[in-house]
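According to Swiss-Prot, the features are:
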type	residues	note
BINDING	24-31, 67-71, 126-129	GTP binding site
LIPID	Gly2	N-myristoyl glycine
Amino acid sequence: MGLSISKLFQSLFGKREMRILMVGLDAAGKTTILYKLKLGEIVTTIPTIGFNVETVEYRNISFTVWDVGGQDKIRPLWRHYFQNTQGIIFVVDSNDRERISEAHEELQRMLNEDELRDALLLVFANKQDLPNAMNAAEITDKLGLHSLRHRQWYIQATCATSGDGLYEGLEWLSTNLKNQ
């Protein structure tokens with residue numbers, strides 16, 4: 001009896017854990033986003049070779065966020081991070097019109113992986129502060145998000161340097177994690 005009450009208490013008030021894989025093309029802003037969420041400030045970044053991992057606390061959820069480098073030569077390594085991933089944050093440079101089709105190809109390739117079949121998908125349409133940035137609707141179209149069947153997804157316009165939109169994205173992840 002005491003054990004079931006403690007399990008109920010844990011499910012209502014306890015901290016949940018969620019493993020997040022944050023990927024996207026190089027220079028999309030993944031590392032800037034990670035440290036803006038973790039530290040609340042902008043850090044000077046260099047291209048990520050390998051990964052950064054940090055725990056971000058939000059709404060009784062402990063997000064373990066794996067920020068994996070996006071250069072084309074190391075994208076094949078992304079698959080080594082797929083196991084036990086509950087959520088994907090795919091970061092897009094909204095100002096990079098020349099590589100949006102490349103981002104689409106990488107996203108589709110990743111979503112076809114069986115290990116990620118149940119993972120939530122959050123797309124951060126980053127760099128919205130730039131004057132020629134594509135809006136979330138245009139990125140939704142160019143990434144083919146409406147054609148995704150049997151997958152929960154959401155797109156959030158963001159600006160990593162100001163933090164705009166980042167917590168709205170985590171809010172969506174936390175709400176949908178609870179529904180899984």
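Don't overthink the numbers, they just go from 1 along the chain as shown.
Cβ coordinates are placed from backbone N, Cα and C, and glycine is handled just like the others.
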Counting other Cβ atoms within 10 Å of each Cβ, which of the binding-site residues Ala27, Val68 scores lowest?
Ala27
Cβ-Cβ under 8 Å from Lys30 (GTP binding site), same chain, 6 or more residues apart: which ones?
Met22, Val23, Gly24, Thr48, Asp67, Val68, Gly70, Ile89, Val91
Which of Gln71, Gln128, the listed binding-site residues, has fewest other Cβ atoms within 10 Å:
Gln71
Tell me, by DSSP, whether Lys30 (GTP binding site) is helix, strand or coil?
helix
